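Working notes for the structure below.
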Amino acid sequence: MFAVVVVLWFAAQAAIIAAASSKVIYDESYHLAAVEAFSRRWTPFITQVAADGPLGDAERYGSYLYHYLLSFPWRVTELVGLNDGRQLLVLRLVSVTMVSLGLLAWRWLFRELGASRALANVCMAVVAATPLIVFLAAFVNYDNLIFLITPLFLRSVVRLYKADQFAPREWALVLLWAGLGAVTKYTFLPFLPIAGIAVLVRQISVRGQTPPGSLRAFLSGDGERRRRVANIALLLGAVLAVALVVERYVGNVLLYRSIMPDCLDVHPLSICSMHAPWARNYELDAAFPDAAPSVLGGLAYLTAHWIPLMLKNSTWYGVVFEDSIVQSRGPHITGLILYVGIAAVLVAIFVSLGVLRRHRGALLLLSTCMLYIVVLFVQNYSDFRTLGIPLAVSGRYLLVVLPVFVVLAGLGVTKIFTLTSARSGTAMKLLSVGCIALLGTQGGGMSSYLWSIDDTWVSHPEGRPAKLVLDLSSFAQDTIIPNEWVKDPRQVE
C-alpha cells in the first residue's frame, strides 16, 4: 500500500507540472518534432527529408523507439482533433505513466537484490522525491522510457545471474529489455558489456546442473496453453528486439564504419544544419583545434568541469518563454541536501562493500553502473577536446543509475546497523523516514519547481492548472528555508 501511495503521489505531482508548464529546456521541442515525423510513417525505418523538420539524423540514429511509440497516441490525438496544447498534454501524461511504472519496476529490482519490503519502499520513496526526476517525468523526453526499461533489464540480469540452471525465460527477458533499451537511447549500450559477460559466464558454469529438455519445456509452457503462448510471444519479442539492434547498430557499422555515424555522413548539410545543437557543434568543431587526449587533461576536465557541472545541473529546471529560457536551480537548501546526500550514499557504499558481497548481484550492478558513468565521462571529455567547451554535462544523465546507488547504500548500511544491534536497525529506519520528510519539504518532489516558478513558466496563466501551481508556489516559498539562511554549495551564478 505504501508503494502505491508513493507512486500515485509522484504521478499527481508530475501530472500537475505537465498540465501547467510551457515547453521544457530539455529538448522537448526536438522530441515533439521526432514524434510528429514518425507519426507520418508506419514503421520506425524512415527515409528522412527536409520536411521532417529539425531532427538532425533520425534515419540512422540509435535513439528512436520512444519517439516511434509516442507517435501512436499522437495519431489518435490528431484523429479526434485535439489542438496542439491538448496533444502535448497527452504525450506528457504518457511519459508520466512511464516513469510512475518505472518506480514500481525499480522497487521490484530492490526486492530482487534482497531488500526488505520496508527498505525497498524507503529507497523508492527517496528516488520518487528526487526533484529532477519529478520535473523530467512531466515532459516529452526519451529518458522517461529509459527510466522504465533499465530496472526491468537489470532485474532480469540479476535473476539470470542468480539462477542455478539454464533459464530460457530470463534469457529472453534480458535480450528483450537490452534490445529495447538500446534503440530507445544509445547511452543504454554501456549497461550491456559487464552484465552480458557476467550472466554468460554464470550460465556456462551451471550448465551441468540443467535438466535435459529445459528449453523444450519452456517452449511448450509445461503443457499449459496460456503459458506456451506467453513464452513463445516473449521469445519472438526478444528476437525482434535483437533484430532492431542489429538493423541499427550493426547496420551503421557496415554502412558508415561507426555505431553512431555523424549526421553529415548520412544527410546533406542542409538537413543536418536544421538541428540547432548539431549546427552549434559543427561551428564549434570548425573553430576549435582538437586537443589530444591525456591523463592530465582528463583529470583536469574531471575536477574543473565535469563533477562541478554534474552537481550544479542536477537540480536545473527551466522552460522556454518567448524564444528565451527562464531557469532556476531551486532553493539553496536543496543544493545542500543534494551534496550531503550524495556524499552519504557514496561513503555508505564504500564502507559496505564487504557486506554487499553477500547480496548476489549487488556488485554486478555496481560495476555495470560504474561503467555507464565512465563511458558518459569519456564521451563528455571527447566532446570537450574537440569543441573546446563542456557540453551536455547534466545530472539528468545519472538519474538512470541513481536508484542503484540508493538501494546499495541502503542494503549495506541497514545490514551493518542490524548486525550491530536490533535497536540500531530501528533507528536507521527512523532516520531514513526523517531524511525523506526533510527532502520532501525542502525542495524534493515538485517543491523545487514550485519554489522557482512565476507566470513566465506556465503555458496558460489563466488556466486552472497554472493558477493551481502559482498558488502552490506561494506556499512553497513560505515553507522552504530562505536562501539567506543557507549557503548554496553549488555556487550558482
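Cβ atoms are placed via backbone N, Cα and C, with glycine included.
Of all ranges given (1-22, 397-418), TrEMBL attaches the label transmembrane segment to 397-418. Counting Cβ pairs under 8 Å to the transmembrane segment (336-356), the top-ranked stretch among 89-110, 122-154, 174-201, 229-250, 363-382 is 363-382. The stretch from 89-110, 229-250, 363-382, 397-418 with the most CB pairs below 8 A to the transmembrane segment (174-201) is 229-250.
Contact check: the transmembrane segment (397-418) against the transmembrane segment (229-250) gives fewer than three Cβ pairs closer than 8 Å, residues 6 or more apart, which falls short of the contact criterion. Long-range contacts of the transmembrane segment (229-250) within its own chain (CB-CB distance under 8 A, at least 6 residues past either end) are made by residues 45, 60, 62, 64-65, 169, 171-173, 175-180, 182-183, 189, 218-219, 221, 259.
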